[in-house]
Amino acid sequence: MNNFKKVVLAYSGGLDTSAIIPWLKENYHVDVVAFVADIGQSKKDLNGIEKKALQSGAIDCRVFDLKEEFIKDYVYPVLKTGSLYEGNYLLGTAIARPIIAKKQVEFASSIGAKFLCHGATGKGNDQVRFEIAYAALAPYMKVIAPWREWNLNSRESLLEYLREKNIPTSATLEKIYSRDENSLHISTEGGLLEDLWNKPNADCWNWTVELEDAPEQPEYISLIVKNGSVVSVNNEFLTPLKCIEKLNKIGSKHAIGRIDIVENRLVGIKSRGCYETPGGTIMHIALRAIEQLVFDRESFKWREKIGLEMSSVVYDGRWFTPIRKSLQASADSLSSEVNGEVVLKLYKGSVIPVQKKSSNSLYSKEYATFGEDEVYKHSDAEGFIRLFSLSSRIRAQNKLK
């Protein structure tokens, strides 16, 4: 192996990345610096993480609080676009990868490291997402992906490897699920979910209550939207992070934001996951409610196209690309009109807009009324219909010749 000097590892403190540190030292003869991105994962995952990294053999461990930036600069912009991957998934894991990779590259550059490492497996999407970002931001840096090189392909072998290296770990063979958590969502994969006929059990859900345990009475909340972003919850103006945290708390007790889906991974494998995105789900529905008021037909169709394309761009890890920037610019332009207030009814997993208003609303009661009005001439429709149906009329006439 080449004698590298310093490697910056995207470190989670879990079993995989704990084993990667001694493996890098043994196989690449390097100094390992652990980089930890705090994007809202559980505090128990972060408690003592610096000590854990050093015990595993890292020469240093740095933790960066990225929660506010993550929600403000990554989650909120994507919510504007209405992106839902394959019609269901609010991209909670995918959207977190660009900021981790970006900050990892910046940190590596600041300490003079030329080598990057991640703990993504060779079967998943994250290896692609990380390495596309690395290529876009630091093409001169070498990437080490241990899961594509080593033979430690089971939990048992990883635990045995750490024992051989006399590295303490709290991990056991009991863990059967793979989880990913940030301020937007938490995902659960593996274990009994790998058999599609198995129903998710209580262990598959972490944030939200069961539908049966949700309150018997609905809760009504008010959101204020400005330029396509939620800025206030129940008349309390908050930062993006505080908005999502408050809505996560409210939504979780009403079983909102649960999905159990089978998705198409970028690498061609279908995978099943239980995702919980309570706050993001509430925001998504609120934004679409205001859009109904302010978008004309063509604007609405265009926003839907943006959302469809953006969902693939984000899922695939193409954040640092011209197409993502172009889609975002278009969504930002449309969202400049998305201002207003919406009241939502939360009840046993459902989010129902019940009141909405906007100063930019194109809805006019005078025109829409089923009663008598003085602004709409019904006779005007005759000419419109004749022109709108002209091609159909000519086609039918041709068949009669």
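Glycine too: its Cβ is placed from the backbone N, Cα and C atoms.
Keep in mind that what you see is a predicted model, and the values were worked out from it rather than measured.
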Point to revise | Per Swiss-Prot, member of Ala37, Ala94, Ala96, Ala202 binding ATP alongside Ala10, Tyr11, Ser12, Gly13, Gly14, Leu15, Asp16, Thr17, Ser18, Gly119 | key: Ala37
**Study point:** Same-site L-citrulline binder from Tyr74, Tyr76, Tyr89, Tyr347, given that Swiss-Prot records Asn125, Arg129, Ser178, Ser187, Glu263, Tyr275
**Key:** Tyr89
**Study point:** Neighbour tally for Asp126 (L-aspartate binding site), based on other Cβ positions within 10 Å of its Cβ
**Key:** 22
Review point. Within 10 angstroms of the C-beta of Asp16 (ATP binding site), what count of other C-beta atoms is obtained when all protein chains are considered?
Key: 20
Point to revise | Position of peak Cβ density within 10 Å, selected from the binding-site residues Thr121, Asn125, Ser178 | key: Asn125
Point to revise | Spatially closest candidate among Tyr89, Asn125, Asp126, Arg129, Glu263, the listed binding-site residues, to Gly119 (ATP binding site) (Cα to Cα) | key: Asp126
